[in-house]
Amino acid sequence: MTKPPRPGDTDGRSITRRGLMLAGIQLGVVTTLALKLRSMQVEQAEQYRMLADGNSIKIRLLVPARGLIHDRNGIVIAGNEQNYRVTLAREEAGGDVEPVLRRLARLIPISDARMAELLDEFAKRSAVTPIVLADRLTWEQFSSIAVNAPSLAGVTPESGLSRVYPRAGDLAHVLGYVGPVSDYDLSKIEDPDPVLMLPEFQLGKVGFEARMEDVLRGKAGQRRVEVNSAGREMRQLSRQEGDQGATVQMTIDAQLQNYAAQRMGTESAAAVVMDCQTGDIVTICSSPSFDPNKFVRGISSSDYKALMNHDHRPLADKTVQGVYPPGSTFKMVTLMAGLEAGVINAGTRFYCPGHTEVGGRRFHCWRRGGHGSVDAVTSLSHSCDVYYYELAQKVGIDRIAAMARRLGLGQRHDLPMSAVAEGIAPDRAWKQARHGQSWQVGDSLNASIGQGYVLASPLQLAVMTARIATGLEIRPRLVRAIDGVAQPVPEFPDMGLNPAFLRVARLGMDEVMNSASGTARRSRIIREGWRMAGKTGTSQVRNITAAERARGVVSNDQLPWNRRDHALFVCYAPYEAPRYAVSVVVEHGGGGSAVAAPVARDILLFALNGGLPPLDAVPDDQRAAMKERHDAMHLFAPEAPRLTRA
Amino acid sequence: MSYLDYKVAQTPTGIRKILHLNWPLVFLIAAVASIGFLMLVSVAGGRVDTWAEPQMYRFAAGMVIMIALAFVPMWFWRGISVPAYVCCFLLLIAVELVGTIGMGAQRWIDIGPIRLQPSELMKIALVLLLAAYYDWLPARRVSRPLWVLIPVVLILAPTGLVLIQPDLGTSIMLVAGGGIVMFAAGVSLWYFGVVIAAAVGLVVAVLESRGTDWQLLKDYQFRRIDTFLDPTADPLGAGYNIIQSQIALGSGGWSGRGFMQGTQSRLNFLPEKHTDFIFTVLAEEFGFVGAMSLLALYTLIIGFCLYSALTNRDRFAALITVGISGTFFLYFSINMATVMGLLPAKGSPLPLVSYGGTSLMILMLGFGLVQAAHVHRPR
């Protein structure tokens with residue numbers, strides 16, 4: 001579409017005059033640039049040429065020491081160690097690196113595969129980028145290379161610091177690890193710090209190390225060096241060290257973490273211990289684990305494959321990434337929703353014949369024979385499913401979901417860790433948005449006992465337990481102090497739940513452990529003042545088919561491992577003055593009371609005792625087994641060697 | 001005007017539009033980009049795949065985009081000028097709210113694999129909107145205060161958002177780009193005089209504010225000003241880049257040291273060789289002759305754009321062409337002035353030459369508009 005032709009300049013719409021003025025201004029600028037170029041390149045060329053030829057001082061950056069990470073008691077859980085290595089830039093080897101590498105291979109072992117890898121790397125990177133040829137050399141190897149330097153053109157022996165994790169696998173998931181900067185890392189950072197280009201720089205890759213990168217990195221130092229015309233360093237003129245990154249103290253207790261890891265052993269499991277007063281995450285442990293030091297040093301592909309192919313998924317952080325149907329541990333949520341909504345009170349009873357019929361479908365209680373008449377407290381202590389089926393129909397899913405969110409489920413608790421999951425607290429709107437289907441009453445029944453669409457991470461379950469135990473809106477945290485400056489503990493607001501209703505839920509959890517017919521009575525604590533309250537959960541990971549039901553209940557032991565139920569347990573203690581909340585999930589472990597509860601109880605005891613659980617705190621028939629377990633453990637000494645500030 | 005104009009006196013349609021592209025401009029752009037490829041090979045130590053190859057792919061994609069945009073008629077551009085501006089503005093706000101934090105500056109949003117830099121897009125959208133505004137506004141109102149205030153607000157609103165990112169360089173580019181369109185549209189010179197006087201006053205105020213508690217710039221920005229005023233004061237610290245750059249540039253002499261023979265760039269005295277300081281490498285290796293050739297090519301690009309604008313009777317199209325070529329002009333003149341030490345270092349790419357995808361794509365998008373204006377000019 002063209003506009004009708006316009007009359008000439010007279011109406012002021014033409015830009016000819018101003019366009020010409022603009023052209024004049026631009027020409028003026030270009031002329032200025034040209035004149036400046038002429039003065040520099042033609043008139044003063046000689047001076048600049050002399051400066052260029054004498055230009056032999058270069059600035060090289062020094063990698064700053066990475067900040068240390070301490071546990072809450074000052075034990076170093078991420079430190080730095082001395083590392084000897086050799087680097088080479090293709091240009092400094094005169095362009096052809098292979099003969100240099102062959103000569104080097106006579107001094108230190110370089111496998112043929114490694115040789116091929118290095119040559120490939122040299123071909124890919126620019127000629128001036130130094131590449132690490134060998135790492136973690138012994139002092140003997142290092143000095144033999146230094147002595148033979150004349151025959152190894154361009155090979156530069158260097159000593160620097162490298163990250164080390166003294167507690168190996170214990171804290172692997174929460175800390176994450178560092179590694180060399182990859183091209184992919186750089187592509188994600190706009191205008192990266194030049195220190196990232198140095199071959200020995202280590203960048204936080206995952207977990208706490210990655211999320212706290214800015215705090216831990218520090219500031220690069222500088223070195224002025226004189227180089228010869230080939231670019232080879234002749235001598236150092238000055239050296240200004242950088243600033244080490246900040247020392248970060250975490251809320252983790254490394255000893256408790258260590259015990260939790262040992263207690264879970266080879267199970268595929270997760271445990272979280274939270275301080276009910278401060279929200280401090282005292283332990284956050286995923287099992288099985290891996291050695292992060294292997295990643296720092298460059299993990300071999302066979303080791304990596306073994307980790308990837310392990311059916312217990314050691315690389316996954318089950319504490320915050322893993323989400324599970326919470327099973328019966330969710331019942332406190334449903335109960336609180338019912339009490340707060342006023343559809344029941346503590347004395348309201350439902351009759352449990354072992355099942356209930358809704359919409360022509362039969363929903364079973366875990367106990368086939370039924371529980372008979374059940375009230376609020378016994379519904380928890382006996383974990384009666386039918387009670388919750390009845391309650392769910394009265395209270396409705398939206399109020400249950402709202403209560404779940406108030407208690408910390410279905411929301412992301414932003415800890416400085418990788419891939420913290422949000423979980424799911426399903427309601428009508430969620431199902432419509434996610435599945436495009438309307439909510440069915442059967443969905444409510446499943447959700448009421450923590451099955452169906454409900455998903456929660458062990459972290460969220462610990463937060464939920466702490467919130468029930470205190471009535472306060474506790475939020476978790478991982479950082480206790482940075483460079484000695486304590487992070488303030490926030491004043492947690494009251495959740496606004498009726499204290500009488502909270503007492504009902506707590507009493508139910510108390511009876512789970514301490515009443516004669518409680519589902520987790522075997523795992524109770526018998527020491528005065530440490531009385532423990534808890535809730536078991538067993539969540540199905542498969543649907544029981546009608547055919548299976550007809551054949552009778554299939555025992556977990558007869559199923560393949562990955563189809564068995566998840567065992568869950570949440571608890572806190574002391575009952576009267578809550579100090580720690582604990583959640584434990586054992587993937588495909590079987591029953592919550594038999595498998596998860598003893599683990600949670602032992603971890604809780606360690607936390608309360610500040611050391612190995614005292615045998616007299618558990619019922620006497622379990623003491624021998626506990627003693628045997630302790631003897632078999634390989635625990636770090638309580639006073640682990642502290643690394644000096646390197 | 002195209003050399004084919006004598007054949008067809010009517011506005012072309014369909015595929016025949018391709019004959020009416022501003023072909024000299026296409027070849028000039030390709031020539032400048034080719035110099036860029038050559039220099040990228042040089043700074044990579046002779047390797048093509050490090051920087052030159054990806055840059056070639058991007059440039060090829062940019063060419064396709066430019067030619068595709070040239071086919072889009074002007075009524076469409078006029079129509080999207082307001083929505084495009086509003087979208088960019090909202091995106092700038094979104095960057096403030098959710099933007100990824102990088103190096104203390106929030107500048108982009110990640111949408112899957114695409115990294116969106118709304119401030120870059122805004123440079124084009126602002127020119128488009130101001131051109132549409134002055135096309136709509138009757139000429140006799142152009143200099144009335146109220147009708148001057150409106151475009152000033154349209155320029156300052158996004159500039160403010162970019163400034164708090166903080167990205168001083170792009171803010172200046174936005175104000176200057178918008179100012180060029182206003183200037184071309186015929187806004188009274190008095191206004192420009194007042195603004196320049198105010199700017200001088202502001203610079204004085206900024207320098208005076210240093211060290212007081214109402215300090216107007218960040219410390220690092222003040223340090224850049226120091227470096228600019230006297231690079232030799234701290235030759236191994238902040239002034240290092242500019243001194244090294246000048247040495248490399250000056251030592252190139254009349255004809256340069258030869259392709260890949262520049263000692264200063266070879267030995268890594270220069271920082272950011274493949275991006276902000278690439279002109280220095282060219283000047284060192286090809287000397288005054290090479291540097292002037294590139295400057296001449298840039299000048300010809302501006303010349304062809306201005307000629308196209310001045311002969312275009314569609315006011316909207318003419319203003320777009322002037323605005324975009326003006327932005328392009330600012331790009332290369334600021335970069336060259338920086339590496340020669342005429343302006344404080346602020347980290348800007350050399351258009352069509354420096355390695356980098358975002359600025360290249362935005363430039364090609366802009367040239368697509370210039371081509372569209374040229375193809376669809378009233379006959």
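Each residue, glycine too, has its Cβ placed from N, Cα and C.
Summarising the annotation, TrEMBL assigns transmembrane segment to B:23-44 (among others). Sequence-distant contacts of the transmembrane segment (B:23-44) (same chain, at least 6 residues past either end, Cβ-Cβ under 8 Å): 2-3, 50-52, 55-56, 59, 63, 66, 259-260, 262, 265, 273-274, 278, 281-282, 285, 293-294, 297-298, 300-301, 304-305, 308, 350, 352-355, 367, 370-371, 374.
Annotation source TrEMBL lists transmembrane segment at B:56-76 (among others). For the transmembrane segment (B:56-76), same-chain residues at least 6 beyond its ends with a Cβ under 8 Å from one of its own Cβ atoms are 17-18, 21, 26, 29-30, 33, 36-37, 314, 316-317, 352, 357, 360-361, 363-365, 367-369, 371-376.
Residues or ranges marked as transmembrane segment by TrEMBL: B:82-101 (among others).
Annotation source TrEMBL lists transmembrane segment at B:121-139 (among others). Distant neighbours of the transmembrane segment (B:121-139): 77-78, 80-82, 84-85, 87-89, 91-92, 147, 150-151, 154-155, 158, 162, 170, 173-174, 177-178, 181-182, 185-186, 315-317, 319-320, 323-324, 327, 362, 365-366, 369; these residues of the same chain sit at least 6 beyond its ends, with a Cβ under 8 Å from one of its Cβ atoms.
Here TrEMBL flags B:145-164 (among others) as transmembrane segment. Within its own chain, the transmembrane segment (B:145-164) has Cβ neighbours under 8 Å at 85, 88-89, 92-93, 95-96, 119, 122, 126, 129-130, 133-134, 137, 170-171, 174-175, 178-179, 181-182, 187, 191, counting only residues six or more beyond its boundaries.
Annotated transmembrane segment per TrEMBL: B:176-207 (among others), in sequence order.
Within its own chain, the transmembrane segment (B:286-309) has Cβ neighbours under 8 Å at 1, 22, 24-25, 28-29, 31-32, 35, 184, 249, 252-257, 259, 279, 317-319, 321-322, 324-325, 328-329, 332, 336, 353, 370, 373-374, 377, counting only residues six or more beyond its boundaries. Taken from TrEMBL, the feature transmembrane segment applies to B:286-309 (among others).
What TrEMBL records for B:316-334 (among others) is transmembrane segment. If one looks beyond the transmembrane segment (B:316-334) by at least 6 residues along the same chain, the residues whose Cβ comes under 8 Å of a Cβ in the stretch are 74, 77-78, 123-124, 127-128, 130-132, 134-135, 173, 176-177, 180-181, 184-185, 298, 301-302, 305-306, 308-310, 343, 346, 348-351, 359, 363, 366-367, 369-370, 372-374, 376-377.
Sequence annotations record features per position, and here TrEMBL assigns transmembrane segment to B:354-373 (among others).
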